[in-house]
Amino acid sequence: MANVVVVGSQWGDEGKGKIVDWLSERADVVVRYQGGHNAGHTLVIDGVSYKLSLLPSGLVRGKFSVIGNGVVVDPHHFVAEIAKIAAQGISVTPDVLRIAENAPLILSLHRELDALREDSNSGLKIGTTRRGIGPAYEDKVGRRAIRVCDLGEPETLMDKIERLLTHHNALRRGMGAAEVEAQVIHDELMAVADQILPFMDRVWELLDERRKRGERILFEGAQGALLDNDHGTYPFVTSSNTVAGQAAPGSGLGPTAVDYVLGITKAYTTRVGEGPFPTEQDNETGQFLGERGHEFGTVTGRKRRCGWFDAVIVKQTVRTSGIHGIALTKLDVLDGLDEIKVCVGYELDGERIDHLPASMGAQSRVKPIYETLEGWKETTAGARSWAELPAQAIKYVRRVEELIGATVALLSTSPEREDTILVQDPFQD
Ligand code: IMP
């Protein structure tokens, strides 16, 4: 397989950072294709932890990396994150990183609007990361975004900002917020333009050329498929398409560029922010999973909601993302439990269904139907072969595979990259 897409198959935080890092050794190029700095990817290398939000994880290994046009870029965060990993000894220059010229920018007014909406009592609280992601995507679709390439055309930038502000200032007036002066936004952009423009490139072209040369591309998804703007728990979703298909338009390649889709899947379920979560355990079990799994948001530090594995949603993701195989993560968090529950269907208004309904009301009414499996007492943490796993843990994994309709390609047994059991290398046929 030449090109692999990595997607989260639940609500994000499945442990994509480690798997992407593991796979990036086999790849030539690592590409981010959606989301922005709302993502939180943690990589642990030789005991040192690297936290990335916007930059592709491949950079930590010195792999050539790309921020595609499908990503919304906060230019100040871009500069700050480069400085942050430089302080950890990782140098990021245009030799190893390019950013799409047609990627939209996140401005301070997007961040402010995100917060104004979240704090307003009249709107729907989504529990966003407050980083301006949604408002920036709205401006992209509304055809008024300022994009990376606009930083290279200072003579027309002011006109673009003024056009953008006719929209934003009307909104701000309505929300009782102070209007923004065009010069403020202009200055904000000019302050970092020189540090961004050297990274700007025709990403669609360079990726196509590298692909034709036989290089292997790893597409690094952010968030999870249940946060997808179309296929997720709408409206409690993010503002991009997080399903695997987005790898193509989000980087400027056609759909034939993708050969293998790997779904990163946590052995239980977590969610940050508001929205339906049928298997949530707002009790001792949830507390146990949260403490064992260190379930705190990488970006916002918020406590993640925790619950049992939901095979219904993952089975749906396997289909909406075209997942070939999964990387199962954090199995060790379940070590020591007497019994483990898995959601195998839902009850909706007295009827059994085997899918997540589309409507917000129905999503909030579904009740999980559980199957109970026997737990195991031994530890699975750090296992590097199936032989090291207790029989009940293997049974659990096999049942998960059966229920979701996809097999385990990788099993991750700790944050350390070497603690990984390989069943099928996504980059190999
Ligand atoms: P936004 O992406 O900041 O607009 O937030 C929308 C929803 O997506 C909220 O529920 C966030 O908590 C969630 N979200 C955004 N990024 C991530 C992520 O990387 N991991 C998990 N949840 C996320």
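First residue shown is number 1, and so on along the chain.
The backbone N, Cα and C atoms fix where each Cβ goes, and this holds for glycine too.
Keep in mind it's a predicted model, so treat the numbers as computed, not measured.
Feature list (source: TrEMBL):
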| type | residues | note |
| --- | --- | --- |
| ACT_SITE | Asp13 | active site, proton acceptor |
| ACT_SITE | His41 | active site, proton donor |
| ACT_SITE | Lys140 | active site |
| BINDING | 12-18, 40-42, Arg304, 330-332, 412-414 | GTP binding site |
| BINDING | Asp13, Glu14, Gly15, Lys16, Asn38, Ala39, Gly40, His41, Thr129, Arg143, Gln223, Thr238, Arg302 | IMP binding site |
| BINDING | Asp13, Gly40 | Mg(2+) binding site |
| BINDING | Thr298, Val299, Thr300, Gly301, Arg302, Lys303, Arg304 | substrate binding site |
Practice prompt. Work through the binding-site residues one by one (Thr298, Thr300, Leu331, Thr413) and name whichever has its CA nearest to the CA of Gly40 (IMP binding site).
Written response: Thr298
Item to complete: Quick one: of the binding-site residues Val299, Gly301, Arg302, which has its CA closest to the CA of Lys18 (GTP binding site)?
Response: Val299
Discussion item. Taking ligand 1 as the reference and 6 angstroms as the Cβ limit (strictly under), which binding-site residues among Gly40, Thr42, Thr298 are close?
Written reply: Gly40
Worksheet, complete the sentence: Long-range Cβ list for Val299 (substrate binding site), cut-off under 8 Å, min separation 6+ in sequence, same chain only, gives His37, Asn38, Ala39, Gly40, Ser53, Thr129, Arg131
Response to the item:
Near Gln223 (IMP binding site) (Cα-Cα within 10 Å), the recorded positions in question, chosen from Gly12, Asp13, Lys140, Thr300, Gly301, are Gly12, Asp13
Response to the item:
Counting other C-beta atoms within 10 angstroms, the emptiest spot among the binding-site residues Asn38, Thr129, Gln223, Thr300, Thr413 is Thr300
Discussion item. Measuring Cα to Cα, how far is Thr300 (substrate binding site) from Lys140 (active site) in Å?
Written reply: 25
Worksheet item: What are the non-local neighbours of Arg302 (IMP binding site), defined as same-chain residues 6+ apart in sequence with CB under 8 A from its CB?
Response: Gly127, Val272, Gly273, Phe296
Fill in: Same-chain residues at least 6 apart in sequence whose Cβ lies under 8 Å from Leu331 (GTP binding site)
Ala267, Thr380, Ala393, Tyr396, Val397, Leu411, Ser412, Thr413
Worksheet item: Do you see any of the recorded positions Lys140, Thr298, Gly301, Lys303 whose C-alpha is within 10 Å of Thr42 (GTP binding site), and which ones?
Response: Thr298
Worksheet item: What recorded positions among Asp13, Gly15, Lys140, Thr298, Gly301, Arg304 are found with a C-alpha within 10 angstroms of that of His41 (active site, proton donor)?
Response: Asp13, Gly15, Thr298
Item to complete: Measure from the CA atom of the residue listed as 'active site' to the CA atom of Gly12 (GTP binding site) and give the result in Å, rounded to a whole number.
Response: 23
Discussion item. If you compare CA-to-CA distances from Gly15 (GTP binding site) to each of the recorded positions Lys140, Lys303, Arg304, which comes out shortest?
Written reply: Arg304
